[in-house]
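Written out below as structure tokens is the structure these notes cover.
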Amino acid sequence: MALALAVGVAALALLPLGYIAWYTADLGWEGVRELVLRPRVGELLWNTTRLVLGTVIGCAVLGVGAAWLVERSSVPARRVWHVLLVAPLAVPAFVNSYAWISLLPGLDTYAGALLVVTLSYFPFVYLPVAAAFRGLDPALEETARGLGLSSWAVFRRVQLPQLRVALLGGGLLVALHLLAEFGALQMLRYPTFTTAIYDQYRATFNGPGATMLAGVLVLLCLGLLLAEIRLRGRRGYARTARGAARPVRPVDLRGLTAPALLALATLVGLALVVPLASLGYWMTGGRSAAVDWAALSTTTGTTLALAAAAAAVTTAMALPTGWLAVRARGRISTLLERSTYLGSSVPGIVVALALVTLSIRATPWLYQTVPVLLAAYAILFLPRAVVTVRSAVEQFPPLYDDVAASLGSSAPDRLRRVTVPLLAPGIGAGAALVFLAVVTELTATLLLAPTGTTTLATAFWSASSALDYGSAAPYAVVMVLLSAPATVLLSRDARRGLTP
Amino acid sequence: MSMSRRTVVGLATSSALLGALAGCGGSGAAGEGETLTVYSAQHESLVRTMLEGFTEGTGIELEFRDANDSELANQIVQEGEASPADVFLTENSPAIDVVDDAGLLAPLDEATLEQVDEAFRPASGDWVGFAARSTALIYNPAEIAEDELPASMLDLADPAWEGRVAIAAGGADFQAIVSAVLALEGEDATREWLTGLARNAEIYSSNTAIMKAVDEGEVPVGITYHYYWFRDQAQDGLVGDDAELHYFRNQDPGAFVSVSGAGVLASSDQKDDAQRLVEWLTGPEAQERLAGSSALEYAVGVGVASADALPPLADLQAPAVDPGSLDAPLVTELMQEAGLL
């Protein structure tokens, strides 16, 4: 039963990939060549590649630097900095982009795009690296130092290799988000595959041009996933010695304290204070008309309802997969679990494009309805729920269930009195993560929202693309406010990833 | 984690409750009773202004799906017989030609057609214009003097304009202008023009963005429609106070007047109501509303004068282009070939 459900979920997750593959095969080599081997695709490839490389490097430098300062140095107010460095995650990248471009219109260059997306995404590296720093056994570093290595050499030769998994994971997350990023880059006039697919979609709906660009984009994502697996290697980094690791003695910054504080303040200023100040400016000082409270509250209600429904559906779908991954370990359950990860690495624009076409052709009665939009959200955000459900199941030994059974409890009774209460926190956490992701989802919603349905993200988008910055601001503020609690949760327990 | 257990469980519970809500909200695909589904690519405010009083007067409720011209046109073609749309309103005529060419429009009532000047409707009689806009060149006098402006829009493909002209290549407006060049100059000349533009042009996401960029001196000139600038002037030139508008005139492709079209879908099960909507939109009341509104597009109703702020359409010496003959698919192909899409 659980297996059949998990297979169904995996099939749904892989639907967009399957559609692109089928479409490409159907189009034939001639068609593919005409649409893919053209100068425009080369330009997009160059644009996309240099932005991904630049951003990953920028995020790695900022993320590792900030994590080292917060976790390993004597910089004052480390806890406060930690929260402030995670906080930019509460500002969606397209809101950050709007905040910058509305103040500095000249940012529509490569450097501008690099700046804005790096500031949006560096916490993806900072979070896992900070957690990894916390997990490092200081004994290794002390040994290295005892053998005469300088602080810098210790960092380079002892710490950095141990951070590799966290760094690569964070870098991958940044790269995948960037490949899927639409709003931020469209607003900065920086064309990448995702923005070009959207332009094609606007010109031709689901025409072959759009679908083939989507095919190239999917290949890029898959290439990244493979590269990350190869780079990660098979070396183990766990501490194998007996006894507990000693607490770390922070590196005394001495005279460098002031520059370190300045660096952290600059980073937080650019990544957090600038977008919030810009929002504040457009909310109050901008030349917008008064806030349309009726529209704002309707839109907020719609968004919350959609996000709640998506959270419920996605978490329910994650249950069989997460359960099997723990209770029926083996090739098949691993394959099913990985399928959901693979499916969600496909950018939102591609998922939406596939679902638009499939729903028109195969299930016209579902076309332009909420279920199709929910399916897209599920495909995009399943891993968030799978990971949390899975870890909840891990922590719940089958023994409890057995004991309850031996005491005469029936199967439905055990489900109600033992299994569900024990899994509830995990399920709830997964649902919350999905909920928050949906609240700020833009790309798939733009393509799939039923007629007459407006969400915070799409309302923000239509106002800001008309350069009506004042009217866009209230929607952005609500999105930031709704995302803030998740950010607090994340900063509290940095060891939990955002996505796998 | 334990700290947040209660919040998280609470969230999950409310998810389930609200989930039921989302299920019933927003699905408008089913054509129940007296609600018309209107696919509209025209500016939301303009359409809403023109249709003010329609629901009160007729009892017909309206539901809008607002998106881009070509997106909606190709969407209707894909949807075919099953399309939920009853009425299609475009910003430019190439999009509605796509739907007409696919045989998906029902012929309009003769009386509706006759409400509009002949120049603003196609020979087929399957759709009708309800507003018009003129192509223009927006420029910044601080960056370029008026006498240095090109004589024809086609000159903007010359190497001298490299990096100096703004276009919104992804937008339906620019694509409509290209379709006029195609209709007037032929495929080869259009290809050549687009190739030059692909080298010369700075690409912006919308006409408003172009106006802003020209105003701020980022780029000296941009291809746009007239009303963006006029609307901005009406608001005291908030965005474009340093920019001016230049008309090409002389039947130049750059003097092309683009027609916004309205049509009734043949697949609609409420054709009578749909016909009434189009009749309303082209009727004197809605046309007067358009002329009196801040939209500042041209009215096309017989005997209705456009807004006073605008130069008379007759003075703009537009080239003669049949609005029913514009070829959007070929434009897309040529723009893809040139690397503009």
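Each Cβ is built from the backbone N, Cα and C atoms, and glycine gets one as well.
Annotated transmembrane segment per TrEMBL: A:44-69 (among others), in sequence order.
Residues or ranges marked as domain 'ABC transmembrane type-1' by TrEMBL: A:45-230 (among others).
Taken from TrEMBL, the feature transmembrane segment covers A:81-101 (among others).
Among the features that TrEMBL reports, transmembrane segment is placed at A:113-133 (among others).
The feature transmembrane segment is assigned by TrEMBL to A:165-188 (among others).
Residues of the same chain lying 6 or more positions beyond the ends of the transmembrane segment (A:208-227) and with a Cβ under 8 Å from any Cβ of it are 17, 20, 23-24, 27, 31-32, 35-36, 41, 44-45, 48, 172, 175-176, 179, 193-194, 196-197, 200-201, 342, 345-347, 349-350, 353-354, 357. What TrEMBL lists as transmembrane segment is A:208-227 (among others).
What TrEMBL records for A:256-283 (among others) is transmembrane segment. Listed by sequence, the residues of this chain that lie at least six past the ends of the transmembrane segment (A:256-283) yet keep a Cβ under 8 A from its Cβ atoms are 62, 65-66, 69, 73-76, 81, 84-85, 87-88, 91, 95-96, 98-100, 102-103, 115, 119-120, 122, 291, 469-470, 472-474, 476-477, 480.
Residues annotated as domain 'ABC transmembrane type-1' in TrEMBL: A:300-490 (among others).
Taken from TrEMBL, the feature transmembrane segment covers A:303-326 (among others).
What TrEMBL records for A:338-359 (among others) is transmembrane segment.
Residues annotated as transmembrane segment in TrEMBL: A:365-382 (among others).
Same-chain neighbours of the transmembrane segment (A:422-449): 92, 94-95, 180, 182-183, 194, 198, 201, 303-304, 306-308, 310-312, 314-315, 318-319, 347-349, 351-353, 355-356, 372-373, 376-377, 380-381, 384-393, 395-396, 400, 455-458, 461, 479, 482-483, 486, 489, 498, counting only residues six or more beyond its ends whose CB sits under 8 Å from a CB of the stretch. Per TrEMBL, transmembrane segment is recorded for A:422-449 (among others).
Under the heading transmembrane segment, TrEMBL lists A:469-490 (among others).
Cβ atoms under 8 Å from those of the transmembrane segment (A:44-69) belong to residues 75, 81, 85, 110, 113-114, 117-118, 121-126, 129-130, 132-133, 155, 159-160, 163, 167, 170-171, 174-175, 178-179, 185, 190-193, 196, 213, 216, 220, 260, 263-264, 267 of the same chain, restricted to positions at least 6 beyond its ends. The transmembrane segment (A:303-326) and the transmembrane segment (A:365-382) are in contact, since at least 3 Cβ pairs between them lie under 8 Å (pairs 6 or more apart in sequence). Distant neighbours of the transmembrane segment (A:469-490): 83, 86-87, 89-92, 95, 98-99, 102, 127, 276, 279, 282-283, 286-289, 291-292, 296, 299-300, 432-433, 436, 439-440, 456-457, 459-461, 463, 496, 498; these residues of the same chain sit at least 6 beyond its ends, with a Cβ under 8 Å from one of its Cβ atoms. Through the fold, the transmembrane segment (A:81-101) approaches residues 66, 69-70, 75, 107-108, 112, 115-117, 119-123, 126-127, 130, 177, 181-185, 187-188, 264, 267-268, 271-272, 274-276, 278-279, 440, 442, 457, 460-461, 464, 469, 472, 476, 479-480, 483-484, 486-488, 490-491, 494, 498 of its own chain, all at least 6 residues removed from its boundaries and within a Cβ separation under 8 Å. For the transmembrane segment (A:365-382), the residues of the chain that approach it from at least six positions outside its boundaries are 9, 12-13, 15-16, 306, 309-310, 313-314, 317-318, 321, 340, 343-344, 346, 348, 351-352, 355, 359, 433-434, 437-438, 441, 444-445, 448-451, 453, judged by C-beta separation under 8 angstroms.
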